[in-house]
Each structure stands twice: as C-alpha cells, then as structure tokens.
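The structure appears below as structure tokens.
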C-alpha cells in the first residue's frame, strides 16, 4: 500500500483537472498546445495540494523512527518498540519510501515554475497573435515578451553583479537557488493574501445568500440587465468588424498576394457572414495595383486579431444569455412552487436537453419540491455556518501561527495532538481539509475575478485561450506559497516551529530561508496578518462600493442604480418568457394538428392528385378531338390565324408583373 495511495491520487487529480478544463475550455476549437499547457499547469497545482498531506504523515513517521533509532529499542514485526517507554511507531498506510518524495517535489515544482515564468506568458502572446503563420506568431510573441523577460534578466543580472562585487557575500549555487525560490514565493504570497482575504468571507456569505430565494432572483435580474448590455455591445462590435472584413474581401481579389490571408480571416468569421460575403464577391475581376490602395499585411494581422476576439466574445455572450435565462426561469419556478399545495414541482418550460432516465426515476417532482423548497435552503445555511467557522479558524491561525510557546494556531494544535497518538488517518484528513479549504478560497477567487474582457473564466466551454493560460500562470504562482503557508500554520516548517527536527520533503527542496532573514523572519510571518484587514473590507463590501463609485455597476441592495437594473432585467426576462411561451404554443398547435389531421391530409392530398390526373387526361382527350375536327375542315382559316399571330408585335417584359407567390396568384385569379 506504500505506493498505491500516491498512484491513486496522481490518477484522480489528473481526471479532476481534465474535468474542470473541459468545463471551461473547448477541446474542439482551441489549439492543442493551449489545452495541454493549461492542463499541465492545473494538474501540477492540484497535485501539490493532494499529495502534501501524504508528505506530512510520512515525515511524522520518519521523525518517530529517528527518535527510536536514537534510543535503545527492539523490533517487533511492523512496529518499532522503544524499550523505556514502550512506545510504538506504526507505519502509515500511505507511507512513501525515502527518496521518492524529494525527486517528485523537485520535478513538480520546477516544471510549474518553468510554465508560469517562461512558457505560459509566451503562449499567451502566441495564442492572441493575429499572425497568419507559425513564424509570424512566434515573432510577435517574442517582441511582446521582450520587455517582460528583459526586466527579469536585468534584475537578476544586477543582483549577480552586486553579489560578485561585495566581499561580504559568499553565495553558492544552492543559496542563489534559494533566493530565486524566495523571490517567487514572496510575489505569490503577496497575491495569495489578497485572494485569501476575499475568499474567506465571500464563500460563506455566498452560500448563506444562496438560501435566500428573493436575493438570488434579484441578483439574476441584475445580471440579466448587465449581460444584455454586454451582449448588445458584442453584437455591435462584431457587425463593425465584419463590415471591415467585407470591405477588405471586396478590395483584395482572388489573384492578389494577400488573398490567402483574407481567406484565413474569413474562415474565422461566423457561418452566416461567410455566406453573405461569398455571395457578394466578384472574383472574376483582376486586381490592379496602380488603381486601388490595398491594405498592408500588418493591418490584416491586426484585423485577424480583432476578428478572433470579437467572434469569441459574441459567442460567449450568446451562450451566457441562454444559461442566465434558464437560471432565471428556474428561480421563478421555485418562487411559484413554494406555495404549491400539491407538493410537486411544476416547471414552466420543459428542459431542452434529454434528461437521464435514472435521474428521472429517483428525482421525481415530489422529491424535487422537497429539495428545492424545503431542504436546500437549510442545507445552504448549515454549510455557510460550517464554512464561516473554518474561516474564523484560518484567520485566527494566520495571526498567531508564529507563536510556538504556547502554541496558539488551532491547526498546529490539532496536528500535534494527533502526532502524539500517531493517528495517521486523522493527520491526513485534518491536513487535507485544511489545505483543501485554503485552496478553495484562493482558487475560487481566481475563477470569479474578471479583468474587463482580457481575463474571464466562463463556464460551458466559453473561456478563450488567453484566459486559460493566464489562470494556469496564477495557479502555478499561488500554489507553492499556499503550501508553505499551510506548513507554517501546522508548524511543520522548521522556520516557524524553531525545532531541530526532520523537515518535510516539500520544505527541503525550498532550501533554508535563513539566507534572507528579513523575508524568513519578517515578511513570511507578519504579512499574512493583513488577511484580517482584507476580511473586514470584504465583509463591508468596500471594494464593491469603490467600483460602483467609479462607474462599474455592482450588485448592492441599497443602491438606486441597482434597483433600476433589477427592474430592467425583470422586464427582459418577462419578454423572453413570453417569446418562449409563444414558440412552445405554436409548436404544440402544429404537433396537435399533425396528430389529428395528418393522415386525413395525406389521403385528401392523394385523392386530389388522382382527380387532377383524371381531369387532365380527360381534358387532353377532349381538346384533341375538336382540334383535329376543325383542322380538317377549316384549314385555311387556321392558317390565316397563325399568320396574324406571327405579325403581332411582342410585349415588353415587366418584372413587376410577375408574382412568385402561388397563393397570391390564386387569390387574384
């Protein structure tokens, strides 16, 4: 079982990262390298979070072995027995042999750092480039990242020159490596505390508000009004970009050297625009370089970049609008069914996607009513209280984890109590719940934040490549300081506990932070205390109020702008609801008509066709008989009539006199 736990967690975390990436990314439309790089970044960060509790339990067992080896002992099966105190060190079920974890952490850590500082920033520029060839995209990415990479090289070079000139410093390679790790962790810890302070308050509050039906419905109306504005803006932007593409497509003909670039741009346009532009093209005209001024390749690259961005934004707003409509309709159904006497949940609209038969069998309308109208609000309230308790424990421990005598950090107290009895299951579960809650608070904030339209993680496969890569960068920069902060909270870090004990394998690859004492004894200990100030600011919604004052509409219950947007969103939802009701009523009428009169119409149509065939054959026979009769007797008169018809002047053609609608022609006749 020593390696089974590690193998199972490696496989489980891979599928977890793959599932989340499939929810936010689009495997079919996005580039494979973007998917692979983002998946690798997410996978390594999640892997660190899940494997670290195993490292803690293995380290506690190794400490026990060292204590046993330093005292006279006797061996008894799988136990190591101390002679004087009769203490037993039981090997944990998830024990990982020595030498595996240091190599594992070294590979995971340096791979994540290579991704976040070198590869992912380059791929961001590559994915957002409007170049038409691989070489052009690489060139654009190198130019955009020249300042980014040059700044780090300049800082690192200046530091090396300072160390080489100053005789007081005698740094070796390991110490330089530790300084680099400390600098990266310092930047990550600075951002970590900001995101953690927001998540510790917002996650319990969002679950508490989830039990308020009126609150959720009002917030959905507010989102609908904002999303409609963004949707209209995206449609207008797309129309403007498509108009530019149409002009370029009409000016650059089929034999122009830049026509291949125009065709590449057209392939990125929506299908309806491609068909419209294809009908208006006159490719038989040759281009004349002397008569017309044609756009340059640089302007086409810029246009290509704008097309990719506008199409992605338009598609995202369309999908989000449909999802928001379904959510609003469902919340309105919940509000209506709360007063239902039958205690069966009734939907206004049927689900457009086919539901699973197993779910339909167990999740009946009665079960759905009890869950949505009775149980779910109470479940959310209980969950919010539990999460709020965890948040209070985290804030207290962040402010007191530097105290070792007495130990004030509650997480350190729990781990030390379990360490005395060597209850490894409890140790791993306590470590996992602690670091999992910290990760949820930090990672959920990464998924929620939105930097205008440049960074935005949208579910249902609507996240662009730039945002996916940026999220991978954030995860790789936040996870190492998050794990170090967790080890400090539990006093498993020797820098915090001030004990000469065996460190964890994860701490050993980080090196001794004593090389930079002002960071180890100052910033790492006192900066996390700022989480208290951030939690207070988040509780009173100071950030939301500041954004609202700057003109960014935020959901605030006591704001007049919020009330206006709620009313506007409510009217939009009502309008969309009436539209969908009319569509369903029309479909139901057509379905009932087919079911009731479908066979009768088919038989009537067959009789009409058969009767028409008979009448046409009968009229042909009747017309042929008198025609032959009169042609035999009155041949001269018929020839005179033909001559008169030949001498008549033809009438002018008038297209307006032709009517293509057979119904109008029949009614006129």
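Each Cβ is built from the backbone N, Cα and C atoms, and glycine gets one as well.
Residues annotated as coiled coil in TrEMBL: 224-251. Cβ atoms under 8 Å from those of the coiled coil (224-251) belong to residues 262, 265-266, 269-270, 273, 276-277, 280-282, 292, 294-295, 300, 303, 306-307, 310-311, 313-314, 316-318, 320-321, 324-325, 328, 553, 565-566, 568-569, 572-573 of the same chain, restricted to positions at least 6 beyond its ends.
Here TrEMBL flags 582-617 (among others) as compositional bias 'Basic and acidic residues'.
What TrEMBL lists as compositional bias 'Polar residues' is 618-634.
The compositional bias 'Basic and acidic residues' feature in TrEMBL is assigned to 635-644 (among others).
The compositional bias 'Acidic residues' annotation in TrEMBL covers 658-669.
Taken from TrEMBL, the feature region 'Disordered' applies to 576-669.
If you look up TrEMBL, you'll see 6-21 (among others) marked as transmembrane segment.
Residues 6, 9-10, 12-14, 16-18, 20-21, 25, 27, 104, 108-109, 111-112, 115-116, 119-120, 123, 127, 431-432, 435-436, 439, 465, 468-469, 471-473, 475-476, 478-480, 482-483, 486-487, 506 of the same chain, all 6+ positions outside the transmembrane segment (33-52), place their C-beta atoms under 8 angstroms from a C-beta of that stretch. Annotation comment: TrEMBL describes 33-52 (among others) as transmembrane segment.
Annotated transmembrane segment per TrEMBL: 103-126 (among others), in sequence order.
Sequence annotations record features per position, and here TrEMBL assigns transmembrane segment to 146-165 (among others).
Positions annotated as transmembrane segment by TrEMBL: 177-201 (among others).
Beyond the ends of the transmembrane segment (378-396), by six or more residues, the same chain brings 196, 200-201, 203-205, 207-208, 210-211, 408-411, 437-438, 441, 489, 531-532, 535 to within a C-beta distance below 8 angstroms of the stretch. Positions annotated as transmembrane segment by TrEMBL: 378-396 (among others).
For the transmembrane segment (425-446), same-chain residues at least 6 beyond its ends with a Cβ under 8 Å from one of its own Cβ atoms are 49-50, 52-54, 56-57, 60, 92-94, 192, 195-196, 198-200, 202-203, 387, 390-391, 394, 411, 414-415, 418-419, 457, 471, 474-475, 478, 482-483, 485-486, 489-490. Annotated transmembrane segment per TrEMBL: 425-446 (among others), in sequence order.
Annotation comment: TrEMBL describes 466-489 (among others) as transmembrane segment. Non-local neighbours of the transmembrane segment (466-489) in the same chain are 21, 24-25, 30, 34, 37-38, 40-42, 44-45, 48-49, 52, 56, 109, 112-113, 115-116, 120-121, 123-124, 127-128, 181, 184-189, 191-192, 195, 394, 397-398, 401, 409, 411-412, 431, 434-435, 438-439, 442-443, 446-447, 454-458, 495-496, 504, 506-507, 510, 524, 528; each lies 6+ residues outside the stretch with a CB under 8 Å from one of its CB atoms.
The feature transmembrane segment is assigned by TrEMBL to 523-542 (among others).
Packing against the transmembrane segment (523-542) from elsewhere in the chain are residues 186, 189-190, 193-194, 196-198, 200-202, 205, 391, 394-395, 398-399, 401-402, 484-485, 488, 495-496, 513, 556: each is 6 or more residues past its ends and has a CB under 8 Å from a CB in it. Same-chain neighbours of the transmembrane segment (177-201): 113, 117, 159, 171, 391, 394-395, 438, 440-442, 444-446, 474, 477-482, 484-485, 510-513, 515-516, 519-520, 523-524, 527-528, 530-531, 533-535, 537-539, 543, counting only residues six or more beyond its ends whose CB sits under 8 Å from a CB of the stretch.
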